[in-house]
Amino acid sequence: MNSLDYNKTNFLKSYSKITDIDIQNGIEIAFIGYSNTGKSSAINALTNQKKLARFSKTPGRTQLINFFEVVSGFRIVDLPGYGYSQAPLLVRSKWQKKVYDYLEKREQIKLFVLLMDIRYPLKKLDQKIISIAVQKKISILVLLTKCDKIKINHQKNQADMVFKKLNVLLDSFEIILFSSYKKIGIEKLKLSLNSSYKKHFILNR
C-alpha cells in the first residue's frame, strides 16, 4: 500500500485513564502539544472532516485521550493539550501526567507528532516530550503550526532554529511548516504518516 485514505478515518473511543485503554493490537501515532497549538484542527484537516476531532473554544478543556482509526491496526491518538495557563496548577499537573504516562508506557506508539506554534517553539513542556522520545528512541515529526501567521522568511528562520536544536538530540526527526486554516503542509504530513505505517506495520507483519 503506497497511500492511505485519511478521509475514511473514524473515531474509535475516548479514555480518561491510561489504565482503561483496552486497545492492544496495531500501532499508534501520537499527536501532542500545548493546548493552543491546534492538534484537533490538524487531525480534522488531515482527514478532511471538520468535526472528527472535537475541540473546545476554551483551550485546555479537552481532557480525554481520543483514538481514531485510519485503517485496521493503524491509529491516530489525540492527547490532552498541556500547559494551559488559566487552568489550576493541580489540574494542569494531572493533564501533563496523563500525557507523559501514555507516551512513556504505551508500547504501540511508533511516532510522536509534536505540534508547536511556529511563533513560540520549544517551550519547556515541548522539551519534556522530546526527552521522552530520546529515551524511547522514537522518531518525532514536528508540525510548526500557524505558519500562515508569519512571513515566509521568518518561517524559514524558525524552522532552521528548531532543526539546529533537535539535530543534537534526535537521530530521526522531520519538520513540516503547517497551517490547518490555509491547508499548508497537509500532503507532507500524509506522506510522513504513510511512511511510518509502511515501516512499522506493513513490513513487520
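Every residue gets a Cβ built from N, Cα and C, even glycine.
Database features (Swiss-Prot):
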BINDING   33-40, 60-64, 78-81, 145-148, 178-180  GTP binding site
BINDING   Ser40, Thr62  Mg(2+) binding site
DOMAIN    25-199  domain 'EngB-type G'
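Taking each Cβ in turn and tallying the other Cβ atoms within 10 Å, the top scorer among the binding-site residues Asn36, Ser40, Leu64, Pro80, Phe178 is Phe178. For Lys39 (GTP binding site), the count of additional Cβ atoms within 10 Å of its Cβ stands at 27 [all protein chains shown]. For the binding-site residues Gly33, Lys146, the greatest number of Cβ atoms within 10 Å around a candidate Cβ is found at Gly33. The average pLDDT the prediction assigns to the domain 'EngB-type G' (25-199) is 91. Between Phe178 (GTP binding site) and Ser40 (Mg(2+) binding site), the C-alpha separation comes to 13 Å.
In this structure, Lys39 (GTP binding site) is part of a helix by DSSP.
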